[in-house]
Amino acid sequence: MWWDERVSAQFRRNLQPTLTYWSVFFSFGLCIAFLGPTLLDLRCQTQSSLSQITWVFFSQQFCLLLGSCLGGVFKRTLSQSLFALFASSLAISLVFAIIPLCHNVVVLAVVMAVAGLAMGCIDTISNMQLVKIYQKDSAIFLQALHFFVGFGALLSPLIADPFLSDTNCILSNSTANSSSNLPHIRKSLVPHHPGNLSHYDLPMKGMVVTRVSYAFWIMALINLPVPIAVFFLLYKERMVPCLTGSSHPLLSADELAMETRPAEKDELPTTGQKPHGAGGHDDLFSCCQSKNFRGASYTYFAVHITGALVLFMTDGIVGEYSGFIYSYAVEEPLSVVHKVAGYLPSLFWGFITLGRLISIPVSYRMKPATMVFINVVGVLVTFLLLLIFSYSVVFLFVGTASLGLFLSSTFPSMLAYTEDILQYKGCATTVLVTGAGIGEMVLQLLVGSIIHDRGSYSFLVCGMIFGGLAFTFYLFLLFFHRMYPKPTSGLDDASPDKAAVTDDTGQYQR
């Protein structure tokens, strides 16, 4: 195997929980990408206007952000975390099954808000739990985790595509006039930004002929094994009421450390028993309590803030680029034909997924700090070249693929790096997940407004500015890392077992 025996042994010991968290993140990806392609059919199903249906986007994204903030509430014991993941993954399957029954846009928005809350909890809890299990070795497993969200995001549009309407799915007298514009409208829809589509006359009344319900029921079935997998982990951990008799709980992280270092069993530092050892994994509101700030240096806050700002920019770039690259390509000066431009978002997400797959072995050989540096510099250089060759359609495709590769591993690498700086104490996971979610929502709305006012060329200028800010914030993070106080534990910092005992909760505390 391309990793060493110690990491391999860790993976074997934690095989079931690791695979479970990966599968739950597949649910996250499956749910995050289906809305765009199916939104026109959902507009027909709810018989709403384009501007009304795009609020469904907003309800999902806003509640995803809210769920990310609140996800840390369920971290205090393994039981709470797993029950939250079980409820969230089951809720996603139920949402897929219920969507075909929503014939009112407000009801649909509420259902998508529930999906957003579930996705936010999954995002925060899965990242937290993998960091808790592997700590200093978490980078490689976080890369794999985020590969699964990319895989799910690629799969759901493929499932939906055969069931999307080729003609207007509301039959009326104006159907024939608007049917030819459907592919263009579908590719141009982004969260709460129908852009310049308001002049298209799409009927709101008539007979609905969409078949998109089958796509959602298929996705509900595909997702169903995920909550079942979480339930099996609950059962193995003897956390299911009335079913706790015969199975044996998995070892805690402290027990695993003692098992691998029996000679030092009595020499472990007592600081590992302090109740605040899990302080790195609170919800956002608990993180903001004044009791968590006592005795903290300014670099403690600076690391959290700069790390979150880097992800605010990079995840914001992912959201705005995937949302507006099609609209940019079909307008002057490129004027790419609609069908060809439609491949750009798929190319972008495809290379994000490919990059996450490549990053799994790379992250074992390369430090997270180095990977983030390569990512932010790559994003900045790619936008610079896109601006220089802004009249080249070929380079637009090359640049889109390059941007997907560089952005692919930024989040998991930054999470691993920041948690390592803070010695897995603080609020890094929650703050970073929240910062990334805010960036994805805010920058998409901001860029949409700027494009509407200033024209399509501002799309690349905004990307260049955001990339430059991400690089600047990363330099600040490196500076504050140098200033941050080093750990004073008697154990060797490079010891593979040190990380397992610094967090008193381990992975499997009840």
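Glycine residues also receive a Cβ, built from the backbone N, Cα and C atoms like all the rest.
The region 'Disordered' feature in TrEMBL is assigned to 489-510.
Within its own chain, the transmembrane segment (21-40) has Cβ neighbours under 8 Å at 53-54, 56-57, 60, 64, 85, 88-89, 92, 95-96, 112, 115, 118-119, 122-123, 126, 129-130, 144-146, 148-157, 159-161, 164-165, 169, 182, 185-186, 189-190, 212, 215-216, 219, 222-223, 225-226, 229-230, 349, counting only residues six or more beyond its boundaries. Annotated transmembrane segment per TrEMBL: 21-40 (among others), in sequence order.
As annotated by TrEMBL, transmembrane segment applies to 52-74 (among others).
Annotation source TrEMBL lists transmembrane segment at 81-99 (among others).
Residues annotated as transmembrane segment in TrEMBL: 105-126 (among others).
Residues annotated as transmembrane segment in TrEMBL: 138-159 (among others).
Beyond its flanks by at least six residues, the transmembrane segment (214-235) meets 16-17, 19-20, 23-24, 26-27, 30-31, 34, 38, 79, 82-83, 85-86, 89-90, 92-94, 96-97, 99-100, 155-156, 159-160, 162-164, 243, 247 of its own chain at Cβ-Cβ distances under 8 Å. Sequence annotations record features per position, and here TrEMBL assigns transmembrane segment to 214-235 (among others).
Summarising the annotation, TrEMBL assigns transmembrane segment to 300-328 (among others). Same-chain neighbours of the transmembrane segment (300-328): 187-188, 190-191, 193, 195, 293, 334, 341-342, 344-345, 348-349, 352, 372, 375-376, 379, 400, 403, 407, 410-411, 414, 417-418, 421-422, 426-428, 431-432, 434-444, 446-448, 451, 456, 459-460, 462-463, 466-467, 469-470, 473-474, 476-477, 480-481, 483-484, counting only residues six or more beyond its ends whose CB sits under 8 Å from a CB of the stretch.
Long-range contacts of the transmembrane segment (340-358) within the same chain: residues 33, 143-144, 146-147, 150-151, 153-154, 157, 183, 187, 318, 321-322, 325-326, 329-330, 396-397, 400-409, 412, each at least 6 residues beyond the stretch ends and with a Cβ under 8 Å from a Cβ of the stretch. Summarising the annotation, TrEMBL assigns transmembrane segment to 340-358 (among others).
What TrEMBL records for 370-389 (among others) is transmembrane segment.
The transmembrane segment annotation in TrEMBL covers 395-417 (among others).
If you look up TrEMBL, you'll see 429-451 (among others) marked as transmembrane segment.
What TrEMBL lists as transmembrane segment is 457-480 (among others).
Remark: the transmembrane segment (395-417) makes no contact with the transmembrane segment (81-99), by the rule of 3 or more CB pairs under 8 A.
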